[in-house]
Structures are given as C-alpha cells and as structure tokens.
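Taken straight from TrEMBL:
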type: TRANSMEM; residues: 6-22; note: transmembrane segment
type: TRANSMEM; residues: 34-54; note: transmembrane segment
type: TRANSMEM; residues: 66-84; note: transmembrane segment
type: TRANSMEM; residues: 96-114; note: transmembrane segment
type: TRANSMEM; residues: 134-154; note: transmembrane segment
type: TRANSMEM; residues: 166-187; note: transmembrane segment
type: TRANSMEM; residues: 199-216; note: transmembrane segment
type: TRANSMEM; residues: 228-251; note: transmembrane segment
type: TRANSMEM; residues: 263-283; note: transmembrane segment
type: COILED; residues: 459-486; note: coiled coil
type: DOMAIN; residues: 500-719; note: domain 'Histidine kinase'
Amino acid sequence: MDLFILIATFFANFMLGLLVLLRDAKSGMARSFILLCVFIDIWLVANFITNHALDIAINVAANKLAFVSAYSILLSAVLFTFFFPHRRDISRRRAWVLSSVAVIALLFSATDAVTGTVIQQPGGVLDFSVGPLLWLYVVGALFFFGFIAWNLSARHDRDKRESAQAHSVLVAFLLTAALVMITNGLLPLVGLGWGATRFSPLATVILVGAISYLIARRGLFDIRSATVRTLSYAASLLTLSVVFYSIAYLISATVLNGDITKVVDVNPIAIILVVGFAFALAFQPTKRFFDTVTDGIFYRDQYKVEDFFARFGEVLTTTDDLRNLLQSAATELATTLKLDQVFFWLHPEEGVIERHLAAGTPGHPTLTSRDIAMLDDYAAGASTSLVNPELLGDQHRALRKLLHQNGIAVVMPLRHRDTTFGYVALGNRLSGTYTDRDRDTLAGATNELVIAIQNALSLREVKAINATLEERIALATKQLRRSNAKLRHLDEVKDEFMSMASHQLRTPLAGVKGNLSMVLEGDMGPLFPKQEQVLRQAFTSSDRMAGLVSDFLNVSRIQTGKFVIEKAPFDLHAAVKEEIDLLKPIAATHQMTLQFNVDGDDFAVTADESKLRQVVMNFVDNAIYYSHPNSTITINLVRTKGAAMLTVVDTGIGVPKAEQARLFKKFFRAKNARTQRPDGTGVGLFLAQKVIASHHGSLIFHSEENKGSTFGFRLPTHPHVAGHTIERGSASTRE
C-alpha cells in the first residue's frame, strides 16, 4: 500500500512539473513549479525509506533528508509565489535576507536536535525519538508558510480573476500544510509514533490536484500541447525500442540459433553506428505518425490551421475598405478560435486616419487614448509579439488590471518597420484556454494582418492623395485655361502687331535702301572714302533691317496660315555664292574669313529661291556673330545622290546641351547667345526649319559648347522626295 501511494504521487507530481516545463522552459513560473514538484518527490521518497527498515544508516540519512526536503518544499513554494499568479519584483535586501534564512534553516533542519534519533528495535521495528528543537523547526516552517500566504493574499492592486487564482492555490497549500503538520509533527509529538508519516504523500494530492485544476481551467499553462508532445515522443521511443528489440531477437533466434557468442568478434563501434543510424532514420517518420495520431485524439474538436489561413487570406483580399477589413478579420478570428471578442485599434496617421480607428466584433469594449498610451509604453520596451496579462509583473499592474477589466486575454501589437501602429485585442476562449498551437496561428495571422492593413492604409492614402490631386488639378486646369486663353489673345495681338509693323516698316525701309544704293553707285556724284564707308554701313544696316522685317512677316504668315512656298528652278550654287559674297564685308568687319567649298557640279533645284537665300543668310550670319575674331567659317556645298547638302561650320561659342532641344522654337535663344548678341530675335532658325520642312528636306545640326556648331540642310533635287527631320550629331555632341 505504501509503495503504491509513493509511485502514484511521485509520477503525478513529476509528470505535471515536466509538462509545465516543456511548455515554456524559460518561464520563472515553470521553473519554480518543477522545482516544487521535485522537492515534493524527494520528500515522498525520503519519508518512504525512513518508515521502512532497510539499513539503520540509510534510515537515519533518509530521516534527515525528509526534514531538509520539507523545508526545501516551503522555500520553492515561496519562490513560486513570486511568479504566481504574476511576476513580482523583490528587493535585493529582501532577497538577501530570505536566502540567508533559507541556508540557515536547511542546515539547522539536518541536525539531530531537530530530526531526533532513529533506533532499530529487535525484530526490525524502527523507533523514532523527537529532537529537542523540533518546535523551533515547526516555527520556522510556519514562518515560511506565512510568507507564502502573504504573497498569495496580498492585494497589490490585483483584480478579481488573479485573486481567485491566488486564493485557490493558498487554500491548497493550507490543506496540504495542515495534513503534513498533523501527520509529520502533531501526531508524533502527542506520542502516536512516526508511523503516521506514511500517510503524508496523500496530503500532496491536494496541492497537486489544485494546481492541476488551475492549469486545466484557468489557463496558466498549456497542458494539452505539452501532453501531446510528451505522449508523441514517448510513443515513438517505445515503438522503436520494441521494434529494434524484436529484430535483435529474431536475428538471434533464426540466424544465430540463440548463440550470441557468434557476434563477439564484431567491432562494437560498428554495431553502435549501425543501430544509431537506423534509429535516427526511423525516429522522425515514427514521430510524425504519432503526432498525427495524438493530434487526432486531443485536437479533433479544433480548427485546421491550413483551412483557417485559406479563409483568412480570402477575407483580407476581398475588400479594400479598412473598417470592413478589420471587422471581417475580427469575425473570422473569433469564429475560428471560439473567442468571446476580438477588436482592433489603429493609431491616427496623418493624411490617412484623422482619428484613432477601432473596429471588431459587435459589443467590443472601447479603450481610451490613455489606455492605449499605457499599451504603447509597454510595447515600446517589450520585444514580444504577444502580451499576456498573466505574465505581466508588478511594474505593469495597471495595464494588467486594464486588460482583465475589459476581458482581454491576449494583445498582439501590430508592427511595421519596428513601429507599432496598432493592436489586436482578443478575449477569452469560450471553451478551454489558449494553446501553443493558437499562439503560433495568431503569430502567422498577425503577419498577414500587418501586410493587409498596410496595403489598405496605402490605398486609403492614395485615394486621399488622388482626391486632393483631383481638386488641385481641376483648379490648376481652370487657371491654365484662363492663362492659355489670355496667352492666345496676347499671341494674336502680338502677331497682328508684328504683321502691321512689318508692313508699315517695309515701305520706308525700301525707300531708304534704294536711296542709299543710288548714292553708293555714284548717281548723286562722287563720294569721299569716309563718306562711302559710312554710307555703306548704313546700307548694310538697312539691308539687315529689311531682312528682319521680312522674317517677322514670314512668322506672321506662318501663324495665320498664309505662308506660301513659290517653287521655281534655279542654281543653288550660284545663289549660295551670291549670299556669301554679300556677307563677306560683314565678316571682314568682325575679322573673320568665309571659306566656300563646293563638291559637285550640278546644283539645279526646284525651290523657293528667296526663302532658301534667307535660310543661307541666317546660318552664315549666325556663324559670324557667334564666332571668335580671327577665325574661319567654312561653308560646304555638296552634291549627293538625289540631294544637295549645305553645311555652315564655325568654331564659336556653340549651344549648351541642355538647351539644344528647344533651339528651333519660335523666339527661343540660348543663354550664351543672348549674352554674345543681345539684339537677336530668335526667329531665324524657326523660319529655317519651316522653310526646309516645306521643301521636304531635313535640317543638319550638331554643336558642342565652346567648340563650335554646324548648321545646314539637305534638300532633295527632285521635288517629290518627302520627309523632314533634324539630323543631329552623335552622342558626343549636344542635342
């Protein structure tokens, strides 16, 4: 009977402690609980040996061990109350005092003054005597038990749930202590003998049963998951052991005919390696099989993780409205995990969430900004992805009370790029407690939630930006239309002014130019050299003014659609040469030389001669004004198959690369050109492009700043050849 009681209580205590430790080996609560269970088992074994005559020396040692282990149980229980029902801090001074008292008590409990003596009477009967200081041992035990009661009954701002948990354990300790004191102290003291101590193991059933009840009903530990893992490992090891033993037996019986000496000569290391390798290969498949079997037994009423994530993923992708997304996700979590409530809280975000956003299952509690600030303070200093109020220490008692008052069992911070932007609050399970399987599932669901919520927030931000942009675009479009209409009107007024001014200037300029020509030709008598020089400069300026007037008239005609190309056959070579001859005096005044190169002999074209002459004049004139003194400007006229090509090459200031794309726009001039020649108009190149395009030709242009430019055109010799482009230089030139 004694042995049965010992075995039953020993394994009950040890298995419970082991299951708790397997669940969370790093938890102070789990470690202190397994320590309590181990000392209880040591005390049980010591009591059993003490009460059964084996050897007097063993009985004496066991008797002392029983007294020491009894104090060890009380000390480990004190340690357990510092972690149950939540962790509480202890000052260094108190820890030092408790440690000193514990060491003294343990040493004192092993002396004969406490344990008394054990004498074996004739016939093997053990006779126990009471130590003279046993009463002091009892006083010390009462002191430690009082400390346990203080830790479990002190309020420390604890809520009702924690108080119920602590009081349940306190009652279990009281009943257990009372029975132990009666069987191990009171009865021996009144002269009933030490035989009553054999019933002490029954007292531990109360404590073990009470804590087991709290584990199963109040959710302090995940006993189901630990049980499943333990059974799976045990079944795997047992199965493989039976299989290997059976194989060895069959080999011995059939191959060796029962003669085991035949394998003596085999290297034992080789046998160990073969058996170990076979065991390693077979263990994982065997464990997977028993995992499936135990899951089917213990989790047959549970959800399938794969099915949950499939539904959850569909929920997160079926809507882009943030509130609907949160409500649907909360409903799915509550339905699958059988929770009484689930709700979300998202922080305000500029341009996306003006105020905090709370959404979840119907009837969920409302947290204030102060409550969330308390959560933020905790989350900022905690790296855990799951907040369990049961594991919060005394420094977070206000947060623990807040969560319990609102029925929140678990809080999961939502983090993105190390920043907490919200929380998921989950209530209590309708049946059972949260398991490790639930926590793993919630961790995976949280990752998907963060992605889905960030996507929804981004979409909401994009929509907000789009709405703002649409308003701005509508306003800007309205303003642009007004500005455009005004600019069109100003452009029309400008074109009308240019046309009118050009027409009005054309007649007097013709008179001035004609009179100057007559004087220079000697119709008014001979001229002195200085007079001729001045008059020729005046004629050149009036001729230039006439060209500008003609340019402005052509621009006006282009704008009004009255620009007409009058084609007729003529010799391009002769026309170009005449223009060059006219510009040579101007080049000479700038200390420049015009070099004309001709390659070919047939330059007959059908085109508008006056407008082409104007193009040539503009190209050469630009080269003169934008080149450096004492430089040569080269004009090349080349006859190619089906076309005539003219290029004007200078070594002047060039065109900046950033401005080349706008060079042929109306009235545009590069910055360095405006500096070099402030009186330019910016219409020459614009007209050149229009003229060449009207002849189905292509412009030639490439330039490099401070190294010079090449301007020209390629003109078809047959009028029906089509196409107009601007031929630009290579990548080394600025385009």
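Positions of Cβ are set from backbone N, Cα and C atoms, glycine also.
Counting Cβ pairs under 8 Å to the transmembrane segment (166-187), the stretch among 34-54, 66-84, 96-114 with the most such contacts is 66-84. Of the Cβ pairs linking the transmembrane segment (66-84) with the transmembrane segment (6-22) and spaced 6 or more residues apart, fewer than 3 are under 8 Å, so the two regions do not touch. Counting C-beta pairs under 8 angstroms (sequence separation of 6 or more), the transmembrane segment (34-54) reaches the transmembrane segment (6-22) with 3 or more such pairs.
The average per-residue pLDDT of the prediction over the domain 'Histidine kinase' (500-719) is 84, rounded to a whole number.
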